[in-house]
Amino acid sequence: MTLLNVSDLSHHYAHGGFSGKHQHQAVLNNVSLTLKSGETVALLGRSGCGKSTLSRLLVGLESPSQGNISWRGESLAKLNRAQRKAFRRDIQMVFQDSISAVNPRKTVREILREPMRHLLSLKKSEQLARASEMLHAVDLDDSVLDKRPPQLSGGQLQRVCLARALAVEPKLLILDEAVSNLDLVLQAGVIRLLKKLQQQFGTACLFITHDLRLVERFCQRVMVMDNGQIVETQAVGEKLTFSSDAGRVLQNAILPAFPVRRRATEKV
């Protein structure tokens, strides 16, 4: 089943010029893509290529300058109030900047309950039980429930944001560089959790990243973005190779997992 369909999406931002006239800076240009239930897809590209702008459009935080975004066959622009509430539950996003994504005055307990209060019909006791369950799923314990964001490490807060997104059992989870910053052990644990959710609920995942290793470990398909356009789409197999210049640049930039020892005869 197709969850998300994007057709000919373009977006620009207006900036004031010295002459007083607005100048338009194009960020996305004719982007089209689809995501299906249970699918794991990566959007790969260097910083500034338009990935994060696209993610904001996909979750409805901004409206595109041109083109259409459909969720389960319905255009986002035409959703009624009840449909929009269901959409906000079905599609959740975890941002790279976790500090800006939470209220620093709220406790972790309040942060986790927030989407459940607004999007689910659960009693308070059920919300608290699920909050604890989601914390354990991301390798945190109940001792953080009464803490506030400034009292947590960056990795802990990122996992709190992930737990908050998972609490409403979304159909699509968008992770904007949200896993790349975790250490390898935590990253592996999060990936195991996401795979479990896919098996149980058919949750689709869109990884917005520059981390090719993450793509190779977890994703089924990868789209390469460059200068606001998707320039290549590849299935992820044992040997992932790119045909686009942007894809090859990203692949060549990856360091080996372990340092390569020089032979004794090699000159330094």
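Residue numbers in this text run from 1 along the chain shown.
Every residue, even glycine, has its Cβ placed from backbone N, Cα and C.
Taken from Swiss-Prot as is:
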type: BINDING; residues: Gly45, Arg46, Ser47, Gly48, Cys49, Gly50, Lys51, Ser52; note: ATP binding site
type: DOMAIN; residues: 4-252; note: domain 'ABC transporter'
Tell me which residues of the chain lie with their Cβ under 8 angstroms from that of Cys49 (ATP binding site), as long as they are six or more apart in sequence? Met225, Asp226, Asn227, Gly228, Ala246
Within the same chain, the residues at least 6 apart in sequence whose Cβ is under 8 angstroms from that of Gly45 (ATP binding site) are Lys51, His210, Val224, Met225, Asp226, Ala246, Leu250
Binding-site residues compared (Gly48, Gly50) - highest count of Cβ atoms within 10 Å: Gly50
Which residues, sitting 6 or more apart from Ser52 (ATP binding site) on the same chain, put a CB under 8 Å from its CB? Gln96, Asp176, Ile208
Using other CB atoms within 10 angstroms as the count, which residue among the binding-site residues Arg46, Lys51 scores least? Arg46
Could you name the residues, excluding Gly45, Arg46, Ser47, Gly48, Cys49, Gly50, Lys51, Ser52, of the same chain that surround the ATP site, i.e. Cβ within 8 Å of the Cβ centre of those residues, in sequence order? His210, Met225
In three-state DSSP terms, the structure that Arg46 (ATP binding site) belongs to: coil
